[in-house]
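Participant: The following block contains the structure, expressed as structure tokens.
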């Protein structure tokens, strides 16, 4: 006789507040990544272009999860299906774009192969097309619906009434999540090893009595990033996988409050984590961002001075003031 299914996981107000805050932070982080790409054309490299598409997926994911947690569905309804479809599409697309960034870096850095629009079109076809096809099929076959929050945190995913729900849980997220657990560390380890070998080969040609080493701080920061990218992804996503396995085992531990909160944060904070890594911890972007903020504050303080002038002009700076030239400001834009 099969064991009785677990009762629905009850979400407490404090748990919902924490996950909602995580959704908001992810939305703001993804929005900031999109804004930096739109405002500063000189930063639109191909890797950051891929990051833009990842941010768009995370943006939609944060919005759909926010609505799901806010509603805390207790049955299948039209908005439950709509929210589940949007989160399924965006979450799966986020997995594909995360792996696309790693694959692009591997192809360009390790293989040294030229990349053009063909590779980008392939990334688009896979990272948008595959999730869309899976989501449309799941909705058409009525596989999206209420899941009792045992494999989610208030939002809708695969319907509990579906007899083949395990298959659809794998297709609509878990198989791609597990694939990313394996693919990302392997690719970033290979990239890091290739960079380390290149640095070692380059060091043989450096002068022995050189006074300053060649960019050790910047190199160490870049190396740490290559390690942190897959580590942060796994730390965020592993709790979802743990609850998925516990649900398959019909374990009551799936309703543990700590696991529920970690699952909620892990699924919703990907956009915030990417913002921290690729905006706040990237010197060229961080410098431009802080400079823009400081300039806005300066303009606000200088506004009354402009109003006192009959021509509404800002006072010109003193000619003898020590204004740094382009050659002195350029190092501030060096990327880490």
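Don't overthink the numbers, they just go from 1 along the chain as shown.
Any Cβ shown, glycine's included, is placed from N, Cα and C.
Keep in mind the model is a prediction, meaning the values are calculated, not measured.
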Participant: To which of the residue ranges 142-162, 205-225, 226-246 does TrEMBL assign the term transmembrane segment?
Facilitator: 226-246
Participant: Which stretch does TrEMBL mark as transmembrane segment, out of 119-141, 303-325?
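Facilitator: The range carrying the transmembrane segment annotation in TrEMBL is 119-141.
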Participant: Count, for each of 50-68, 88-107, 119-141, 226-246, 258-281, the Cβ pairs lying under 8 Å from the transmembrane segment (17-38), and report the range with the highest count.
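Facilitator: Maximum Cβ contact count belongs to 258-281.
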Participant: Looking only at residues six or more beyond either end of the transmembrane segment (226-246), which have a C-beta under 8 A from one in the stretch?
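Facilitator: Same-chain residues near the transmembrane segment (226-246) but 6 or more away: 98, 102, 150-151, 169, 174, 177-178, 180-181, 184-185, 188, 191-192, 195, 253-254, 259-260, 262-263, 265-267, 269-270, 273, 277.
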Participant: Can you tell me the mean pLDDT for the domain 'G-protein coupled receptors family 2 profile 2' (15-282)?
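Facilitator: A mean pLDDT of 88 is what the model gives the domain 'G-protein coupled receptors family 2 profile 2' (15-282).
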Participant: Counting Cβ pairs closer than 8 Å, which of 50-68, 119-141, 167-191 has the most of them with the transmembrane segment (258-281)?
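Facilitator: Top-ranked stretch among 50-68, 119-141, 167-191: 50-68.
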Participant: Under 8 Å between C-beta atoms and at least six residues away from its ends: which parts of the chain pack against the transmembrane segment (119-141)?
Facilitator: 46, 49-50, 53, 57, 81, 85, 88-90, 92-93, 96-97, 100, 104, 107, 158, 168, 171-172
